[in-house]
Amino acid sequence: MAKPRVHEIAAEIGVDSKTALAKLKEMGEFVKGPSSSIEPPVARKLKAALEAAGLTGQAAAPAAAPSSAPRPGARSSAPKPGGRPTPGPQPTAAPEVEAPEASDVPVPAKPLTVAERQAQAEASRKAAAEEKAQAEKSAASATPDAPAAETPSAPRPDAGSAPAPSNGIPRPGIPRPAAPRPGNNPFASNQGMGTKPRPGNNPFASNQGMGQRPAAGAAGPRPAAPRPGSPRPGAPRPGGVGQGARPAGFGQRPAGAGRPGGAPGGAGRPGAPAAGGFQRPAGGFAGRPGGGGRGRGPGGGTAGAFGRGGGKSKSRKSKRTKRAEFELREAPSLGGVSVPRGDGNTIVRLRRGASISDFADKIDASPGNLVTVLFHLGEMATATESLDEATFEVLGTELGYKIQVVSPEDEDRELLEGFDIDLDQELEDEDDDVLEIRPPVVTVMGHVDHGKTRLLDAIRNANVIEGEAGGITQHIGAYQVWAPHEGYERAITFIDTPGHEAFTAMRARGAQVTDIAILVVAADDGIMPQTVEALNHAQAANVPIVVAVNKVDKEGANPAKVRQQLTEYGLVAEEYGGDVMFVDVSALTGKGVEDLLEAVLLTADAGLDLRSNPNKDARGVAIEARLDKGRGAVATVLIQSGTLRVGDAIVAGTAYGRVRAMMDENGDAVHEAYPSRPVQVQGLSSVPGAGDTFLVTEEDRTARQIAEKREAVERNAQLAKARKRISLEDFTRALEEGKVESLNLIIKGDVSGAVEALEESLMKIEVDDSVQLRIIHRGVGAVTESDVNLATIDNAIIIGFNVRPDPKARARAAREGVDIRFYSVIYSALEEIESSLTGMLKPEFEEVQSGVAEIREVFRSSKFGNIAGVIVRSGTITRNAKARVIRDGVVVGDSLAIESLRRFKDDVSEVRTDFEAGIGLGKFNDIQIGDEIETIEMKEKPRV
């Protein structure tokens, strides 16, 4: 859909474009001008903000009021100047004599009463309707009607001569000093344009879409005005003192034969109700009932009578433009460039992964100048490179802007609003009569190995734990079971989350989609770190908690201790006067399972309103997703509202498609899935991320467009996240010392949640600043040949989590020497990767003393310099070893080398303790008897 422009929105609401631009700036949305286009969500926010501020319709009202005000005013005051001496018989050569009279006449004008103003407004509306009808007629047929319309003004002697120039062409032959030549007036109707000027040539005409201009000053230049500064006698001044209500248009001065230089004729009276669009007796343009004074109003001065146009001078700039240019000149420049600066509180909203070009568009600056500024701030980036929030904070602080990076939730909400999809509004608009009761969604949480999956096995009468590697849940499982309650079979949806510390994100996701949380605590272990974390997730999601004290049949079990420990975290058992239900269970024997289900249903009925609308398109969450070799992308989704049917067009995160098939947790086909029902969906184009929202759209095209936009947003966010910030100092140091060692990884897993958990855990490994971990690709499914090619180019290691490579990938990896490692337990992968990073560290060396020799004699040689005769006191002195000379405990020579080592006349490689030798230290000759020569070795220090 086409994006709306600012001036279109302003016209629709009825405000001025400047007001709309100012409101956009307050909202943090900076656009260049009224013709700039904005996103539909921003347009809706702008309309809401203007309506909330009460600004709608303020631009249209001032435009309409002045347009009608001059006519009634001129009409009511028309009889007053009628008593003046008739100016018709005056000589043609003396038009200036009337100027003093005209300036003196407006004095007796008196203010209008409220009744008169209302009558004038009614008359102006009638006149406007008649003007529209008369504008459709030709000038020849319109002129004879003018005298009849001006019967109230019959006493004016020039009324009878008004029809003379009805053809609208002023005669050049008449000696009128102030009348321009026909070719001098570009706005006159006698320029070969027939009876009416062409709309496109007249920027002041009423049909130019400029209705917001005050009509009182729109007449502009007047071709037959001999007195440029004379106001209309007796006419009101709607624009204040500076804008006189001059007779409307060029046609107000017919310049007939009987009026060589006289006042306006009766046919063009601005206040006449039947003037009908102003007959243009002197070649004016229609529909503009009033002109501004000399340079005092929107209509301009009388300069237009001499062919220069009556508009505002082009060389003059508005105060706003001058102020902006002055601020730009006075703004301090960084790096020799000038950029617009904020006041320190100017908010700029940017999407995740935005570039310098995006920031430049927001503040109306040049991207190249911003790149220069950023370079002088110590950051190197290109104009189109995705930057992180910290970099924008540095740049915004320097330029006086507050940077607000849109959160992923708000970004996705605005994206959907662009397709007229508002999930929150849908929920608010639902009435109680369309809501139906749905089953509760229960998440099982707790510490690792406390028996969560075993408890679910006991509830489902199945054995899930045998399918998990190492007995640790690696995925989120979703099941629906039926339990008897008060004589009825009630459905309960269970979500099993991992308890290992690596699966923090998956636990948080489980808490966000659940209604009730079952906190499983082992009676023998008590409270553990992941127990507290799961408790915090549930409390943050404002989810009621039911505590299942497991393993009560085990030796050393102490359920009372668990109750006491949880009291410290705000969970007080009912038997202690609290409101949290504690149930003692044994997943191994099945004891207390029925009591636990009853506690869940009682909690759901007591404090939760579990209702949703099943009669609409489905909305929900993708709990888990994987890539199946035979079925393609398979996503486990939980329907939160609506009904999902086979054949629906669906979009989940960056994946889209049609629902080809649905199955429950047992593999049985499902044709319709109602709220709170977990199903496995086939038919998606790719594997969605765990926790992505899904929704049903009317068309495949809409689903594809939403997915593509989400993919672009996610790609930019990943680029900004992967960018390593490097300053100029770091860059110089890297050039001198060599590049930083990095371990490149490619992660492939069976489900998206496990890949995400593994990636987050790996990125938390901190070994040393000299070694960094880079994940260049992650995905769901088997290791493919393209993964091996990518690993070959980037020297990466491929980590497969519960997946295996296909034959071609295995053969290519063997041929290229790519290391592929497979894991089924997540912490095994973490330990090995950490060991690999430790092995990549540069070795650390420490000084170790290898020997000490005392100088007994100094032999001086002209060929070899001074030779030290020594006796080895400790250790071993070796040739070419590093040495230092120590005198009275002070080092007098360092970084030396033992270049020659002899015993008597024989060269030797080493001399042991208590043996004598001769040592030559090269060019170092500052040795004395009693000095010590200490030799050292650099040995590698083992990493801890």
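Cβ atoms are placed via backbone N, Cα and C, with glycine included.
Of the candidate ranges 408-411, 496-499, 628-631, 640-643, Swiss-Prot annotates residues 496-499 with the feature region 'G3'.
Cross-referencing 382-385, 550-553, 846-849 with Swiss-Prot places the feature region 'G4' at 550-553. It is 471-475, from the ranges 366-370, 436-440, 471-475, 561-565, that Swiss-Prot records as region 'G2'. Secondary structure at G446 (GTP binding site), taken from DSSP and collapsed to helix, strand or coil, is strand. Its Cβ placed at the centre, K452 (GTP binding site) has 27 other Cβ atoms within 10 Å. A simple way to gauge crowding: the CB of D449 (GTP binding site) has 16 other CB atoms within 10 angstroms, across all the protein chains here. For G446 (GTP binding site), other Cβ atoms within 10 Å of its Cβ number 27. Same-chain residues at least 6 positions away in sequence with a Cβ under 8 Å from that of V552 (GTP binding site) are, in sequence order, A523, P559, D584, V585, S586, K591, G592.
Looking only at the region 'G2' (471-475), the predicted model's pLDDT averages out at 43.
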